[in-house]
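According to TrEMBL:
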- 1-26: signal peptide (SIGNAL)
- 1-222: domain 'GH16' (DOMAIN)
- E108: active site, nucleophile (ACT_SITE)
- E112: active site, proton donor (ACT_SITE)
- N116: N-linked glycosylation site (CARBOHYD)
Amino acid sequence: MEKIIHPLAICLFIIVFISLSQSVAAGQGSFDDNFSKSCPETHFKTSEDGQIWYLSLDKQAGCGFTTKQRYRFGWFSMKLKLVGGDSAGVVTAYYMCSENGAGPERDELDIEFLGNRTGQPYLIQTNIYKNGTGNREMRHMLWFDPTEEFHTYSILWNNHQIVFFVDKVPIRVYKNANYTNNFFPNEKPMYLFSSIWNADDWATRGGIEKTDWKKAPFISSYKDFNVDGCQWEEPYPPCVSTTTKNWWDQYNAWHLSDDQKKDFSWVERNLVIYDYCKDTQRFPILPQECWLSPWD
């Protein structure tokens, strides 16, 4: 006997499918499926299978790429291998920004790798912008050489916290506590960017160490882009609401786990080089979020 499916059931299935499809896991397609390049073709190469992407910097130009989609909340991850040898003045960046350019009202979540002279460690700098204002820098040492092999760098972003991860170890937690200064970026969808560029006016020892162009080209490598997040659609997608349907928006993602707290505590004791919340010369009155514990 032939089974008859009621039209209402078909309608409900379509509605559910459309709702779920707003939250996407991206990164399975080719580079061109996910990104747009912003550099000369000579500065962008791929492995033979197209799975590893090489960005180069010389005195003429750097290189970068941007996702074609914007997202608001989710998990954003990439594997990077940084420039080896003498990389003073060179910055490799992996970040999120609400504008395709450094606009005056942008929101931004930054991960920047600050190059150094041969034998000196890389520093990783994170920063947060809200409506064009940043000044929330932290700098950490890494516990490995990021030039020898690929490591995973990730951002967890929901309405409760922003967490920066290195190989799934949380190195920075920025909480949303309904600050009166309103300094938590949660309103604007963001693109993801990666780039390599010259910043020898500030990146290495405050600009004392300059880029040695005789060492060019400087090459950073990328692979395994992964997004599990809320893809933006105008006027706004259903998944942008705090509905707890996605793991990155459920209670366990609002706080660090017990194991993550142990890792984070170790990072704070051993790897923090600079924390704006402890810079009382720069901030005689500390920003409001500095008084909130990352454990809450």
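Backbone N, Cα and C atoms are what each Cβ position is placed from, and that goes for glycine too.
All annotation found in TrEMBL is predicted automatically rather than curated by experts.
Features as recorded by TrEMBL, highlighted on the structure.
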| residue | record | Cβ neighbours (10 Å) |
| --- | --- | --- |
| E108 | active site, nucleophile | 22 |
| E112 | active site, proton donor | 20 |
| N116 | N-linked glycosylation site | 19 |
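For the domain 'GH16' (1-222), the model's average pLDDT works out to 87.
If you measure from the Cα atom of the residue listed as 'N-linked glycosylation site' to that of E108 (active site, nucleophile), you get 25 Å.
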